[in-house]
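Engineer: Here you go, one structure.
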Amino acid sequence: MTAAASLLSSSACALFRRLPSAPHVSRSARFQRFDRFRHFLPAAMSTSSGPKEAPANNPGLHTEIDPATKGYFMQQTMFRVKDPKVSLDFYTRVMGMSLLKRLDFAELKFSLYFLGYEDVSSAPADHIERTNWTFRQKATLELTHNWGTENDAEFKGYHNGNSDPRGFGHIGVTVDDVYKACERFERLGVEFVKKPNDGSIKGIAFIKDPDGYWIEIFDHNIGAVTASAS
């Protein structure tokens, strides 16, 4: 990366961090301002010959994978939720997921709900085998409920990672048609962070779940949508 590109990249990150601190600016406007600035970055960033994914262009990248990691895969992301009744309704009715497995830990007073897009008709009936089956699925969503938060008027909810101090950002869900999906979300009263036509990057949306976690919505045309970054 050139010195100019490094400066631009640092400036972009600093700009994006500062944008949410202006309460009078809408989320849509913040996305638009950041997107306009971000489009200058690809031209300023020089890479070595070869694909951008090549090791020469990605310091720290290892392509010779340690055989000891054979069989590893991304299995779950965990959200803490206030009320499982509300969250289960959202993720099954609105997002179309299925409940793969529920685990209750009575002594510790919390429950885990594992959701995903697998066909549960093939899940084993045995409690232990169903747990094993669930943990063999890829990219599941684990909802953690600490008992009592659903009835606690003083409980203010969990941090979603998208305001200071920033950290976690979002999960992503692929749909057949992002515009049709978002029309349905609107009819169902889902809260949007960004609609598909907001900002300069069209065809990508962000919605919120009942606890305020962000979900990116995109379809199989994502390659064309992000072509300016290729």
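Note: Cβ is positioned from N, Cα and C throughout, glycine not excepted.
Bear in mind that TrEMBL entries carry predicted annotations, made automatically and left uncurated.
Source: prediction; values computed, not measured.
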Engineer: Suppose a student reads TrEMBL and sees Gln76, His170, Glu216 listed for Zn(2+). Which of Glu53, Glu107, Glu142 should they find annotated at that same site?
Structural biologist: Glu142
Engineer: Tell me the residue counts in helix, strand and coil for the domain 'VOC' (73-220), as DSSP assigns them.
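Structural biologist: Counting residues per DSSP class in the domain 'VOC' (73-220), I get 35 helix, 47 strand, 66 coil.
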